[in-house]
Amino acid sequence: MSLTPHVFWAQRHHELYLRVELSDVQNPDITISDNVLHFKAQGHGAKGVNIYEFTLEFFAPVKPKFIQRSTQRQVGITVKKSEKIWWPRLIKQERKPRFLAPDCDRWLDESDAEMELREKEEERITKIRTESRKREDPFLYLKRGYLFMYNLVQFLGFSWIFVNMTVRLFILGQDSFYDTFNTMGDMMYFCQTLALLEIINPLIGLVKTGVAPALIQVLGRNFILFFILGELDEMQTKAIVFFIFYLWSSIEIFRYPFYMLACLDSEWMLLTWIRYTIWIPLYPFGALAEAASIIQAIPIFNETGRFSLRLPPPLDFTVSFSVFLVVYLVLIFLGLAINLRHLLKQRRRRLGSRKRKMQ
């Protein structure tokens, strides 16, 4: 009969610990196949220096890979369970063999093991939080405060425009179309001038959005506001101004509150959905309204000659500003395509991931 060493065992929810009482072991032969551990080695045990071996069929499935550490006094074996569950015993057979005993040094009952597991998880979470605080920007709260105040001011400004235009529309009807610029122009000047910060913020790293979409939107709007509407008195009394201002403000009264909540690490699901959905109809309509204002402004620029460029001799002819406006009409829809593509990617990333989580 082969000699059997003393084997001590303990467990946790995710792994098993075996300690074989053999000293001076060299290159033990250990395998796990078909959920059975085979051990054979030459060492100094209870019967002196001999070959010792044993076989254990585990109570539940284990992974075939294991960790083995040999010292001068013992051989340690760590086996991973296939499932993180607590076993009522180590081996499949109910009757325990004589050579197998609990490892008192590592033994825990199930409740103690769960407590140990929770403590390790708490330590892990604490470590992650500590490391994140170390990496945290010392000016983080100052930056967030600035961004929150910027978005708050813009929200209040565009809300004032939207509410006033809505009230005037209900009271005056179509008559409110023709004095929109005179009543709302100053506030729109303020909001769109302040919006230049949306180009500066990503450039200096305050926000992680791309510069190109902000550049296209802000400069495009400001061109319409300052050069088309602001420079031509004839344009300021046209109905198209109402639609431009109303479409711009309709988008921003949802966009800026979304960014305000983001500064507070908070989110309102309905607002998130609106912010990433409302642009689908409003951005194309806004581009059409801006294009309509340019088409209406081209004859005025031709008649007045404003912003026309006189070329020096020998060319000696004048390039009307309307030529640039025709080119800009094409750029409006090119910029719209770029922004729509950018917003579509954002929408898929934010709302698409949410749908997958719900499923």
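Every residue, even glycine, has its Cβ placed from backbone N, Cα and C.
Bear in mind that TrEMBL entries carry predicted annotations, made automatically and left uncurated.
Residues or ranges marked as transmembrane segment in TrEMBL: 145-167, 241-264, 276-301, 321-340.
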For the transmembrane segment (145-167), sequence-distant contacts whose Cβ falls under 8 Å of one of its Cβ atoms, 6 or more beyond its ends: 176, 180, 183-184, 187-188, 190-191, 194-195, 197, 201, 206-207, 242, 245-246, 248-250, 252-253, 256-257, 259-260, 263-264
Same-chain residues near the transmembrane segment (241-264), Cβ under 8 Å, at least 6 residues beyond its ends: 144-145, 147-148, 151-152, 154-155, 158-159, 161-162, 165, 176-177, 180-181, 184, 188, 191, 221, 224, 229, 235, 271-272, 274-275, 278-279, 282-283, 285-286, 289-290, 293
